[in-house]
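J.: This structure is in structure tokens; I'll ask about it shortly.
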Amino acid sequence: MEGSHFAIKDWSEDDKPREKLMLKGKEALSDAELMAILIGSGSRNESAVALSQRILASAKNLNSLWKMSVSQLIKFKGIGEAKAVSIVAALELGRRQRAEDILKLKKITSSKDAFTIMQPIIGELPHEEFWVLFLNNSNKVISKAQLSKGGIAGTIVDVRLVFKLGLENGATGLILCHNHPSGELNPSQADKQITKKIKTAGEILDVKILDHLIITETKYYSFVDEGIF
């Protein structure tokens, strides 16, 4: 095959990404070939596979690609808004599937278990989000919920909403989680204050606050592990 100067329709049947997937299965395709299926077509001078290879080379890895926005993707020649939206949507579906699989498996026995559940959800976001894991008496996760979404510097949490959702889910324990997009693990004074406020309210309602995790891309800070609780 003479490289990237031919449109995919001119390639041999064995080299076309869609046909290759049908014949050999999805596992047989490279990342660039899978992305080429999403893109659908390239240009006169560049195939969809070559365009995908160029984007992947720029992103370095799939994790970095997932962080790209539509506005960033359309800067690549050959990628319009529709193609960019398709890429972003597909990557987001993959992230959600991964997060769901992890959640189904988990009984919380340590702060690391909570981190494993929440890192794929908030660990790599460019903005701050505050979430709660709702647990039963066996420390199994019943549900999870986003309480607030903010900017780079912080987010506001409604304490009443924390316990409204907790009681609706029949939870006996909660784990608070939020991310720091800056990568800074240490809690701010505001982090400590909201934790204390929620913990005090939980004692009144007989709902135990088991921990509060600050999550970044690769690490986490546990209030319990650090002796703040």
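Backbone N, Cα and C atoms are what each Cβ position is placed from, and that goes for glycine too.
The following feature annotations were taken from Swiss-Prot:
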type: BINDING; residues: His178, His180, Asp191; note: Zn(2+) binding site
type: DOMAIN; residues: 107-229; note: domain 'MPN'
type: MOTIF; residues: 178-191; note: motif 'JAMM motif'
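Can you tell me where each of these features sits in the structure?
T.: The Cβ of Asp191 (Zn(2+) binding site) has His178, His212, Ile214 as same-chain neighbours under 8 Å, each 6 or more residues away in sequence.
Taken through DSSP, the motif 'JAMM motif' (178-191) splits into 3 helix, 2 strand, 9 coil.
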J.: Once the chains shown are all counted, how many other Cβ atoms turn up within 10 Å of the Cβ of His180 (Zn(2+) binding site)?
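T.: I get 24 for this one.
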J.: Tally the residues of the domain 'MPN' (107-229) by DSSP class, grouping H, G and I as helix, E and B as strand, and everything else as coil.
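T.: The breakdown for the domain 'MPN' (107-229) reads 39 helix, 36 strand, 48 coil.
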J.: Which whole-number mean pLDDT does the model give the motif 'JAMM motif' (178-191)?
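T.: Here the mean pLDDT over the motif 'JAMM motif' (178-191) amounts to 93.
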